[in-house]
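Take a look at the structure set out below.
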Amino acid sequence: METFTSKTAVNPDIESGNMSREELSQLDLSDPKILDSIVLGKQEYAKGILMSLVFTAIAIFVFFVPITFNGKSGQIPFGIIYNTVQGILGNVGLGIVALVITGNALASIYGKYVAKEGKIYDYYSNDSSFHPILYSVGAIFIVTFFLNTVFGIAAPEMIIGERTGQMVIPPVVYGVACIILVGAIFVPFLIDYGFIDFLGIILEPLMRPLFKTPGKSAVDAVASFVGSASMAVIITSRMYKSNNYTERESSVVATCFSAVSVGYAMLMIGTAGLGEKFALVYFSAFVMAFIIAGIMTRIPPLSRKADKYYNGRLQTEEERQEAKLKIGPSMVKVGVSRAAKRAYISGNILGRIKESVADGVKVIPKVITLLCAVGTTGMILLEYTEIFTWIGYAFYPLLKLLNIPDAIHVGPSMIAGITDPFLPILVIADKVSIMSEASRYFICVVAMVQIIYVAETAVVIITTGLKLKFKELMVIFLERTIIAMFIGALFMHIIF
């Protein structure tokens with residue numbers, strides 16, 4: 001059995017030396033002092049470096065490298081894979097999703113109202129008494145949609161319509177199910193084999209002073225912009241539960257860096273009639289997202305979150321001072337050393353994938369059921385009521401103060417983003433020809449940085465165990481929206 005020794009007395013067990021890989025993996029490796037104290041032999045260190053390089057290369061390719069596929073350039077392999085899986089499964093996959101959602105609704109009723117103990121009781125123990133009702137609504141929506149789509153059974157247009165169920169269930173509910181499963185296979189390559197340890201050291205001097213988050217949080221930011229916001233939240237949750245982020249850091253990352261992906265932004269901007277200005281609009285939103293992140297991390301509720309890891313350990317001031325490491329070879333050396341140790345101790349990739357998939361399977365039922373219930377309900381409210389228009393009037397004075405053109409049409413879009421980032425664009429879809437480019441630009445950039453979308457990221461944040469309550473997410477949404485309106489207005493007046 002391979003063993004390792006330690007060069008410091010950070011932990012008596014490590015100091016004693018001769019620990020197996022399995023024993024080391026049980027240590028709190030989120031503590032840099034413990035990770036740094038481990039000494040690998042030359043052979044083990046070389047193997048760790050090789051594992052880190054190979055698995056990191058795979059992760060970077062899958063999540064971040066744009067390629068040309070089926071004649072379309074700029075495609076991210078991760079997106080290609082989950083879209084392909086979704087396409088291959090087709091209606092069979094939709095049927096499986098319907099079964100999972102229906103089963104979740106029934107199990108929640110039993111677990112919340114009948115069972116007093118057992119696995120089902122434990123699974124739903126943290127849910128409120130209202131959750132089974134939401135789950136049941138989701139089940140009604142998905143079964144109705146499935147029976148209509150596959151068997152042609154007549155159903156209310158309100159549920160299956162092009163701007164309601166069709167806009168939520170296939171792309172969001174079914175899509176997120178595939179994202180979680182496929183993501184569970186590849187996330188270990190990204191976070192378990194040293195990439196985030198290396199990147200964390202290198203980017204710490206940038207991320208910590210600006211956003212009060214570790215350098216490794218840059219992974220989430222890039223993952224959302226080039227891939228999927230839901231995937232970025234899932235990565236954040238996994239990082240939190242593996243003690244890479246504190247409660248505060250994970251809350252900041254999930255609510256500030258899980259932005260709209262390039263592909264989705266392209267659809268939004270094109271629908272708003274600004275396709276020719278895509279680069280300008282998207283770059284504006286990119287810059288705005290980071291400016292807003294720097295502000296949000298310094299105000300409640302995010303500023304009040306605890307600097308405590310998932311395992312209960314408090315973050316030390318020393319850990320927060322790693323940003324003061326001297327930039328240069330010493331920083332790179334520390335990053336490479338941590339990456340090698342992390343990769344070697346992580347061991348067999350298949351074991352990590354198995355754990356990750358098991359975690360994914362646990363969260364899928366709740367995530368997709370809530371997405372179906374909340375997302376479809378939100379679209380129904382938008383399509384069949386004037387509620388967003390009424391609430392939108394509250395933004396009218398601020399829009400006039402900021403001198404936003406077409407303010408009467410822009411107002412409803414400001415609140416519509418609470419459901420889905422595409423909704424603000426849909427609100428003005430039939431008015432594009434009569435609205436100015438400036439007002440459409442303003443709507444696009446604000447919608448792309450609101451981030452707390454109830455039909456997607458908000459549900460994933462809550463159901464994956466991050467320490468954020470629904471009411472806190474609503475406060476964060478309003479804060480982000482108001483801040484984005486001021487910054488977006490400034491950009492708009494400069495550009496137009």
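The backbone N, Cα and C atoms fix where each Cβ goes, glycine too.
Annotated features in TrEMBL:
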type	residues	note
DOMAIN	174-271	domain 'Nucleoside transporter/FeoB GTPase Gate'
TRANSMEM	49-67	transmembrane segment
TRANSMEM	88-113	transmembrane segment
TRANSMEM	133-155	transmembrane segment
TRANSMEM	167-191	transmembrane segment
TRANSMEM	221-240	transmembrane segment
TRANSMEM	252-274	transmembrane segment
TRANSMEM	280-299	transmembrane segment
TRANSMEM	370-396	transmembrane segment
TRANSMEM	408-429	transmembrane segment
TRANSMEM	441-462	transmembrane segment
TRANSMEM	474-495	transmembrane segment
Are there residues at least six beyond either end of the transmembrane segment (408-429) with Cβ under 8 Å to its Cβ atoms? List them, or say none. 163, 167-168, 172, 260, 264, 267-268, 271-272, 374-375, 378-379, 381-382, 388-389, 391-396, 399, 435, 439-440, 442-444, 446-448, 450, 452-456, 474, 477, 481, 485
At a threshold of under 8 Å on Cβ distances, which of 88-113, 133-155, 167-191, 280-299, 441-462 pairs most often with the transmembrane segment (49-67)? 167-191
Contact count check, CB pairs under 8 angstroms to the transmembrane segment (280-299), set 88-113, 133-155, 370-396, 441-462; argmax is 441-462
Using a cut-off of under 8 Å between C-beta atoms, tell me which stretch among 167-191, 370-396, 441-462, 474-495 contacts the transmembrane segment (133-155) the most. 370-396
Restricting to the domain 'Nucleoside transporter/FeoB GTPase Gate' (174-271), what is the model's mean pLDDT? 84
Distant-in-sequence neighbours of the transmembrane segment (88-113), which means Cβ under 8 A and at least six residues beyond its ends: 120-121, 123-125, 127, 129, 131-132, 135-136, 138-139, 142-143, 145-146, 149-150, 169-170, 173-174, 177-178, 364-366, 368-369, 372
Could you give the number of helix, strand and coil residues in the domain 'Nucleoside transporter/FeoB GTPase Gate' (174-271) as assigned by DSSP? 80 helix, 1 strand, 17 coil
